[in-house]
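S.K.: Supplied in structure tokens, the structure appears directly below.
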Amino acid sequence: MPDVGIIYNDSKPRACTIAEELQQQLQDRGWGVRLATSQSGLLGYSNPDTVICHTPVESLVPRGFDASLRWAIVLGGDGTVLAAARQLAPIGVPMLTVNTGHLGFLAEAYLDSLPAAIEQLCKGEYSIEERTMMEVKVLRRELIRWEALSLNEMALHREPLTSMCHFEVAIGKHVPVDIAADGVIVSTPTGSTAYSLSSGGPVVTPDVPVFQLVPICPHSLASRALVFANREPMTIFPATPERLMMVVDGNAGCYVWPEDRVLIQRSRYPAQFIRLQPNEFFRVLREKLGWGLPHVAKPSAPDQS
């Protein structure tokens, strides 16, 4: 049998225990198992007083993992899934996401259904859903200073105790637009239910080939979220004298200076999710975020008597 992988959050004892148990179970079935933590997918934050260390996205693949793996099981919460997507997308390995955290918005399976999920996985009774990822680069002239893959979003915003920011945003060859706000978010359809949603952006179904630009606390009544085709690159030029903070998927980032620019484009590496049942996005929205729930009782009109 071909080899498979297990990626787990080693900061969670429960995930560590399950990873060891799964490794033994799969080996007993005749599978070769390669084990890795999600740590290499967590890029961390650059210190403003040190030189940024440019890490190519392909270098985040765990040691021993390659394109020959049939699939990988990811054990952890949504943060672990975001990290694992960066680790597995460059080698095209699909992942079964198993929630050991809290919300588990990106989870396909849960611990109570794990034995049945493994049985189905080993029999090959699953489908694969591709999710678009963004490639985010910080450039100074033509030099790449920092880059990362993003499954959810990139947020570029001011530091605490600094004033409002100004950005010049160019999409493809269109005329650039100016935005005055505390920051901007660029998200994928997958990320439309995360930070972007909290900032007033729309929910986008995962199969739509778009990105969205969402201003954070804009200083304009006319500044609204913009949805645009992901075939066009976006470049963000800081138009403010202070340095800015960039955060990718909530767990990686660096400082962006006035002389830098941020280039965002669709990655050639999609994240591949294993689906054990037909994916019903609206069901997930309803169960996880309470979207579209029926009103149990409507407020009554005031008594006019």
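Just so you know, the numbers here start at 1 and follow the chain as drawn.
Including glycine, each Cβ sits where the backbone N, Cα and C put it.
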S.K.: Asp78, Gly79, Asn152, Glu153, Asp182, Thr193, Ala194, Tyr195, Ser196, Leu197, Ser198 bind NAD(+) in Swiss-Prot, but which of Asn251, Asn279 does that record place at the same site?
M.R.: Asn251
S.K.: Given the NAD(+) binding site residues Asp78, Gly79, Asn152, Glu153, Asp182, Thr193, Ala194, Tyr195, Ser196, Leu197, Ser198, Asn251 in the record, what is the largest Cα to Cα distance, rounded to whole Å?
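M.R.: It comes out at 26 Å between the most distant Cα atoms.
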S.K.: I need the least crowded one of these recorded positions (Asp78, Asp182), counting other C-beta atoms within 10 angstroms of each C-beta.
M.R.: Asp182
S.K.: Which residue among the binding-site residues Asn152, Ala194, Ser196, Ser198 has the fewest other Cβ atoms within 10 Å of its Cβ, if you could check?
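M.R.: Looking at the binding-site residues Asn152, Ala194, Ser196, Ser198, the Cβ with the fewest others within 10 Å is that of Ser198.
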S.K.: Provide, as an integer number of angstrom, the distance between the C-alpha atoms of Asn152 (NAD(+) binding site) and Asp78 (active site, proton acceptor).
M.R.: 10
